[in-house]
Amino acid sequence: MFDFNPMTIIAGLPGLIIAMVIHEYAHAQVAVWLGDFTPRLMGRLTLNPKAHIDPIGMLMLFLVHFGWAKPVQINPRNFKNPQRDDILVSLAGPMANFVTAFLALVALLVFDRMGGDMTTGVYMVFRLIIEYNIGFGIFNLIPLPPLDGSHVLMQLLPRDMAYKLAGLERYSFLILIVLLMTPVLSMILIPCRNLIWQIFRLLLSPFI
């Protein structure tokens with residue numbers, strides 16, 4: 001899980017940055033499309049990494065392939081359909097990560113089919129772009145505040161249960177640390193990662 005190989009650190013930086021920036025930009029862009037201009041006013045409607053990267057979340061993503069970025073602030077009252085639109089905004093980030101991972105995989109396959117001579121370093125960069133985006137997308141779907149999965153779940157739960165779930169946010173970091181120190185999180189996330197890979201293979205099966 002922990003890899004301090006200098007080559008991995010260097011090759012992994014593009015994947016880390018891309019995963020975080022794409023994820024948060026997708027949240028911001030979809031929110032604006034749905035009528036909430038808060039992300040634009042707060043400078044989040046940009047692909048500039050400085051606007052999105054959280055140092056601790058980036059370190060966690062590098063160490064365990066699961067992490068987080070600076071959350072995009074939205075105001076659901078600006079949406080025409082607050083419940084539906086909040087769910088769409090919440091799902092936009094993880095979906096953008098999965099699409100990015102898929103496109104990176106397609107780029108690798110196309111380059112290989114064209115007979116390109118890819119160095120080990122370049123291959124590792126693309127591989128880590130894929131891995132980090134899949135990991136970032138899955139991790140953020142965990143229904144634990146303030147992760148995206150919790151926003152989706154809170155919109156679907158009865159109000160009293162949603163309030164109780166929101167109250168867990170103060171303990172979220174501690175809960176995540178405990179989960180990371182046990183096999184519980186891996187037992188959930190690794191099968192999800194394998195499922196994403198199976199979907200990718202299914203989509204690409206006519207071409208490979």
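Cβ atoms are placed via backbone N, Cα and C, with glycine included.
According to TrEMBL:
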TRANSMEM  6-26  transmembrane segment
TRANSMEM  47-68  transmembrane segment
TRANSMEM  88-111  transmembrane segment
DOMAIN    118-158  domain 'Peptidase M50'
TRANSMEM  123-142  transmembrane segment
TRANSMEM  171-192  transmembrane segment
DSSP-wise, what's the residue breakdown of the domain 'Peptidase M50' (118-158) into helix, strand and coil?
29 helix, 0 strand, 12 coil
Could you tell me the mean pLDDT over the domain 'Peptidase M50' (118-158), as a whole number?
91
